[in-house]
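Record features (Swiss-Prot):
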- F10, S11, G12, G13, Q14, D15, S16, T17, T18, C19, L20: ATP binding site (BINDING)
- C186, C195, C198, C201: Zn(2+) binding site (BINDING)
Amino acid sequence: MKKEKAVVVFSGGQDSTTCLFWAMQQFAEVEAVTFNYNQRHKLEIECAANIAKELGIKHTVLDMSLLNQLAPNALTRTDIDITHEEGELPSTFVEGRNLLFLSFAAVLAKQVGARHIVTGVCETDFSGYPDCRDAFVKSLNVTLNLSMDYPFVIHTPLMWIDKADTWKLSDELGAFDFVREKTLTCYNGIIGDGCGECPACQLRKAGLDTYLQEREGAKA
């Protein structure tokens with residue numbers, strides 16, 4: 001893979017930034033693609049652009065605002081609260097998001113001569129999102145290959161690891177401080193450690209605390 005090119009689905013968050021650093025080590029050339037689906041915080045797109053610029057990565061932003069029209073949810077509508085009732089999908093789930101993002105990323109990848117697509121979806125911490133499952137990604141990979149007659153390979157470096165191991169991976173990639181300080185995971189639009197209260201921040205902090213404890217234990 002060292003001589004090949006990849007496109008990273010990139011939001012500027014912890015997971016996709018870790019995947020970006022992973023891709024930079026795996027491939028000769030890397031591009032990033034971010035999707036504007038009228039998410040609550042436009043800062044997400046700005047954050048992604050700033051990270052890509054700092055790392056010298058070509059960055060494309062695609063307009064996916066149609067998603068907001070089709071699938072109202074807590075990530076795009078300020079009048080919808082962020083909730084997760086037992087047995088139901090979280091209000092932050094955007095119907096069809098990863099299906100569309102990966103499909104459009106594949107179209108872009110083919111246009112720029114890349115066959116590798118990298119995404120930060122994770123089944124371990126998938127929070128009830130059906131489009132973060134390994135079975136979905138593998139199925140879509142086959143569908144994309146058939147639909148465009150092109151040998152795409154979708155990579156999911158985080159699929160089987162939890163948030164603590166995601167922090168560990170960023171550390172192994174030499175990107176721990178960068179990811180901690182410059183990424184945007186918070187649903188309330190606060191870069192770095194975030195608000196500490198939304199589900200995304202709580203998951204991120206729990207993973208960070210666990211990893212830091214493990215790292216200190218290993219040094220002892």
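For all residues, glycine too, the Cβ spot is worked out from N, Cα and C.
Known features from Swiss-Prot, placed on the structure.
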residue : record              : Cβ neighbours (10 Å)
F10     : ATP binding site    : 30
G12     : ATP binding site    : 24
Q14     : ATP binding site    : 25
S16     : ATP binding site    : 23
T18     : ATP binding site    : 26
L20     : ATP binding site    : 27
C186    : Zn(2+) binding site : 22
C195    : Zn(2+) binding site : 13
C198    : Zn(2+) binding site : 19
C201    : Zn(2+) binding site : 18
Three-state secondary structure, T18 (ATP binding site) (per DSSP): helix
Three-state secondary structure, C201 (Zn(2+) binding site) (per DSSP): helix
Spatial separation of C186 (Zn(2+) binding site) from F10 (ATP binding site) - C-alpha basis, Å: 15
Residues within 8 Å of the C186, C195, C198, C201 Cβ centre (excluding the Zn(2+) site residues themselves): T185, Y187, N188, I190, G194, G196, E197, P199, A200, Q202
Cα separation, S16 (ATP binding site) to C195 (Zn(2+) binding site) (Å, whole number): 19
Inter-residue Cα distance where the pair is C186 (Zn(2+) binding site) and Q14 (ATP binding site), in Å: 10
Distance, G12 (ATP binding site) to C198 (Zn(2+) binding site) (CA atoms, angstrom): 17
C201 (Zn(2+) binding site) and T18 (ATP binding site), distance between Cα atoms, whole Å: 16
